[in-house]
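Since the structure comes first, as structure tokens, the remarks are kept for the end.
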Amino acid sequence: MGVTTYTDEVTTPIAAERLFKAFFVESKNLFPELLPNLITSIKFIEGEGGAGSIKQVEYLEGGTPKNMKTKIDEFDVKNLVCKYSIFEGDMIGGELETISYDVKIEARGDGECTCRTISKYHTKGDSVINEEEMKRGKEKSE
């Protein structure tokens, strides 16, 4: 199995705690409401959102219904860290075995925050994922 890593950093005018809460605490209800043409439903099929929980995300890609299952590997509200893995669904298959994300949101002194994401694409065999494929996968998971 090969691993290809992609690192991304985004600064936003949203407070760190608020962004973490929206992305990782309230996303189950917030995303389908705010993005109905993209995310159709998010539900926990195991757990309630903490480490070890598994959620199923139903989404649309070009009008076609798709899905993915993610496992929350680490959930730290105090330090604004969430690590999760996509292990099943339309994004996985072919060359990909899993995709893991390590997200850390850090407050800045000006009321803004920086969101750092390390994405790891775990491939089957000796397959290699190029940067363009990683960017497409990242866009699908956000």
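Yeah, the Cβs are placed from backbone N, Cα and C, and that goes for glycine too.
For the domain 'Bet v I/Major latex protein' (1-136), the mean pLDDT of the prediction comes to 92. The domain 'Bet v I/Major latex protein' annotation in TrEMBL covers 1-136.
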Could you break down the residues of the domain 'Bet v I/Major latex protein' (1-136) into DSSP helix, strand and coil, giving a count for each?
24 helix, 73 strand, 39 coil
